[in-house]
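These notes are about the structure you will find just below.
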Amino acid sequence: MNIILLGPPGAGKGTQAKKIAMRYGIPHISTGDMLREAVAAGTELGKKVKEIIEKGLLVPDDLMVAIVEDRLKKPDSAKGFILDGFPRTVQQAESLSGILGNLGKELDAVILIDAPEEVVVERISSRRVCPSCGKVYNLLTIKPKNDMLCDDCNIGLIQREDDKPATVRERYRVYMEKTAPVINYYSEHGSLITIDGSLDIEAVTEEIFKNLENL
């Protein structure tokens, strides 16, 4: 099954992608994770990505398309995939269509997990990360056992620059400006499924599986 997950940052795409991946035995391909790995590696590409992310801007289309194309060519994507965080522009959506055509694949579903700005800001600004092992916590839902310390490393947790409220609001603004047209693009192609992302995690999962089983 070939699936795209759309929605604003903080809507819960990553959480739901992992559940779908486990159920259908397909890889969860998160462009966000791939970009953060580049930043952590400290390469020239990573430095460029870091600067873009910290400003709350979108990574250029040509860079994202190249990253995704390479990933979809890997053997574990042969039976399907879940794309989380891509496409974010209509140009990326059109490029993806070309990539899939070349690989002999078609999209089965485009799932939009929608959530309002205030929900997004509250969720993301509550995230904390261990600078050593990279484990992610949330002060609302996945709290550390000891106040502001990693359960595994006992090191003080930090707030990533792109998780701070001002940056989150800018990311949401950019999302609405750039990604909303992608929703219209897939809506016109008849493959869009909209889910209320302000619901709790279990309710969102139930709605997603209900829709996928009816395809």
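In case you wondered, yes, glycine gets a Cβ from its N, Cα and C as well.
Within 10 Å of the C-beta of Tyr137 (ATP binding site) we count 20 further C-beta atoms, all protein chains included. Secondary structure from DSSP puts Tyr137 (ATP binding site) in a beta strand. Per Swiss-Prot, the feature ATP binding site maps to Gly10, Ala11, Gly12, Lys13, Gly14, Thr15, Arg127, Val136, Tyr137, Leu199.
According to DSSP, Leu57 (AMP binding site) is assigned to coil rather than to any helix or strand. Within 10 Å of the C-beta atom of Leu57 (AMP binding site) sit 13 other C-beta atoms, taking all shown protein chains into account. The feature AMP binding site is assigned by Swiss-Prot to Thr31, Arg36, Leu57, Leu58, Val59, Gly85, Phe86, Pro87, Arg88, Gln92, Arg160, Arg171, with sequence analysis given as support.
Marked as Zn(2+) binding site by Swiss-Prot: Cys130, Cys133, Cys150, Cys153. Cβ-based neighbour count (10 Å, all protein chains) for Cys150 (Zn(2+) binding site) stands at 22. DSSP gives Cys150 (Zn(2+) binding site) a coil state; it is part of no helix or strand.
Look at Swiss-Prot and you will find 30-59 tagged as region 'NMP'.
Residues or ranges marked as region 'LID' by Swiss-Prot on the basis of sequence analysis: 126-163. Sorting the region 'LID' (126-163) by DSSP state (H, G, I as helix; E, B as strand; all else coil) yields 3 helix, 11 strand, 24 coil.
In this structure the alpha carbons, written CA, of Arg88 (AMP binding site) and Tyr137 (ATP binding site) are 26 Å apart. Site extent for AMP: the farthest pair of Cα atoms among Thr31, Arg36, Leu57, Leu58, Val59, Gly85, Phe86, Pro87, Arg88, Gln92, Arg160, Arg171 sits 26 Å apart. Considering only the binding-site residues Phe86, Cys133, Cys150, Cys153, the residue whose Cα is spatially closest to the Cα of Arg127 (ATP binding site) is Cys150.
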